[in-house]
Amino acid sequence: MGRVVAAGGGAAAAGGGGDDGERCAQNACETMPLLSRLRRAAPRDGDGGGGDGNEGRLSLGLRFAYGLGHVFNDVCAAMWFSYTLLFLQVVLGMPPILAGSMLLIGQVTDALATPVVGVLSDKKGSRKLWHLAGTGLVLISFPLIFSPCPGCDRDTPTLMALYYAAIISVFQIGWAVVQISHLAIIPDLTEDQEKRAGLTAIRYTASVCSSVAVYVITWCVFHVTRNSMFDSIGPEDAYKFRNIVLITTAIGLAASAYFHFGLKAHNLKPKVNTQTAGLDSLKKSSIASYFKSPLLFQVSFLHVASRLFLTISLVYMPLYLNETYGEDSEILALVPLVSYIASFAASLGIKYINNSWGSKTTYFIGAVISTFGCVWIRYGTGGAHGRGNVYGASILLGGGSSVTMVTSLCITAELIGTHTHNGAFVYSIVTFADKLFNGIAVMVIEDLKCSSQELCPHYYRDVLAYVCGGSAILGVLVLATMTYLSGATKILTSPTENDPESKNPDVTTALTHEVT
């Protein structure tokens, strides 16, 4: 569930968005900043409302309708990463290892469903029909995740785990269906790369607004329902999460309805199968070449390290706040909100730094910022004097994670280079690895948790400090190996006389793509 500009193209590729998805990811990492993309995407005088390739124009209303198509997913993702473990453990009383396994089940289901949905949606049915079906699954399942299990209690943890595992699986499948179908609509709306980049930017802006809205709504609910100055989260607060979910679901459902009414079938060009036998042969040979190079695995580990930092900080920040400042429920919404705003602000400057100093230097800067945030969490927060410091640390965590996450996707796009016919394969490998490792990491962290808070009173503080800090350092180490190897590594072999496809220089090209 990525929510960055470059992630848009990456997810599209992984789920069957094709070459267009990879090019969107590449464009998002190049020269044009997000706000500039939005301005370039605005309709010119005389623009119409069609969406039929290079000939037609994309009206403002059509762009707006498209941008709202992923809002339901975005509000669900913000709740999923920030408050699922908090709700399962603190409100429902689910044992930590079972709560962690719920997140693992969700991540693995998402990883497996994404490519399957991509292939099927390319072959069967319309994009809007798939989007509608996915929205229905999310609508049915998402509110149930943050509702008490009927007939379950703290004495029946296995029954509770089975119930939520089924609900979460349905939710993740629906989420993947909406994500992939929405991304795949971009190339169906227009063939123009600049317009596609503009749609990606609009989609990202809607995602940012959705996430901010979730944290604001959460703060409002906690503030209005606060009983005293010292109001900690507990089993009696299930209704608060229910109210938050009902409000966010209503917003997401309204946005999805506008998307379906505002985006007409005639705006979408029919799906065309452009594969040829020669291209299929090229894909097979060049994919084998990818596996022969260490750079694919280096890029995958770099992305895993970046995503691990982001996921752990999102998931465990509310638990850390509840552990350290449990008497103040409002801080559970305010600190994630500040962190998210910092990540958005940082994303606006990444393009400039990337263009001036290159992807590696940009990633290193982000990792250093992230590490300082972890050190601040470990030594500068806690107690009365640390309440203000936690906001400063959250700014560093949010800004640093944004830089490393977006830059890792840019490096992935650079790995693909002009070989967009392999983009779906590369993104599938990278995103599957990050979802699997993140799910396993959460379950291991929950398994290692002490049975009583008195035995390890600062457990979640140490998780943020050491696990997030370790993942930032891991990213730098992987980056160092890429610096050493990339200059001498060829991802794809040069044309040879033994390969009949290599006779055409436009079909197979040597990729000595050094990551800048």
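The backbone N, Cα and C atoms fix where each Cβ goes, glycine too.
What TrEMBL says about a protein is an automatic prediction, not a curated fact.
What TrEMBL lists as region 'Disordered' is 1-21 (among others).
According to TrEMBL, the compositional bias 'Gly residues' annotation covers 7-18.
Summarising the annotation, TrEMBL assigns transmembrane segment to 71-91 (among others).
Only residues 6 or more beyond the boundaries of the transmembrane segment (97-117), in the same chain, are considered here, and those with a CB under 8 A from a CB of the stretch are 1, 11, 14-16, 80, 84-85, 88-89, 130, 157, 160-161, 164-165, 168-169, 171-173, 175-177, 179-181, 315, 428, 431-432, 435-436, 438-440, 442-447. The transmembrane segment annotation in TrEMBL covers 97-117 (among others).
Through the fold, the transmembrane segment (129-146) approaches residues 69, 72-73, 76, 79-80, 83-84, 87, 117, 121, 164, 167-168, 170-171, 173-182, 185, 241-242, 244-246, 249, 252-253, 256, 259-260 of its own chain, all at least 6 residues removed from its boundaries and within a Cβ separation under 8 Å. What TrEMBL lists as transmembrane segment is 129-146 (among others).
The transmembrane segment annotation in TrEMBL covers 161-180 (among others). Cβ atoms under 8 Å from those of the transmembrane segment (161-180) belong to residues 1, 11-12, 15-17, 69-70, 72-73, 76-77, 88, 94, 98, 101-102, 105-106, 109-110, 113-114, 117-118, 121, 130-131, 133-138, 140-142, 144-145, 149, 152 of the same chain, restricted to positions at least 6 beyond its ends.
Look at TrEMBL and you will find 201-224 (among others) tagged as transmembrane segment.
Counting only same-chain residues 6+ beyond the ends of the transmembrane segment (244-263), those with a CB under 8 A from a CB of the stretch are 61-62, 64-66, 68-69, 71-76, 79, 128, 131-132, 135, 138-139, 142-143, 145-147, 185, 210, 213-214, 217-218, 221. Residues annotated as transmembrane segment in TrEMBL: 244-263 (among others).
Among the features that TrEMBL reports, transmembrane segment is placed at 295-319 (among others).
Long-range contacts of the transmembrane segment (331-350) within the same chain: residues 4-5, 33-35, 82-83, 86, 208, 211-212, 215-216, 218-219, 222, 233, 313-314, 317-318, 321-322, 325, 362, 366, 387, 390-391, 394-403, 406-407, each at least 6 residues beyond the stretch ends and with a Cβ under 8 Å from a Cβ of the stretch. Marked as transmembrane segment by TrEMBL: 331-350 (among others).
What TrEMBL records for 362-379 (among others) is transmembrane segment. When Cβ-Cβ distances below 8 Å are used as the criterion, the transmembrane segment (362-379) is approached by residues 302, 306, 309, 320, 346, 350, 353-354, 389-390, 392-397, 399-404, 407-408, 411, 461-462, 464-466, 468-469, 472-473, 475-476, 479 of the same chain, each at least six residues removed from its ends.
Residues annotated as transmembrane segment in TrEMBL: 391-412 (among others).
The feature transmembrane segment is assigned by TrEMBL to 464-485 (among others).
Feature annotation from TrEMBL assigns region 'Disordered' to 494-516 (among others).
As annotated by TrEMBL, compositional bias 'Polar residues' applies to 505-516.
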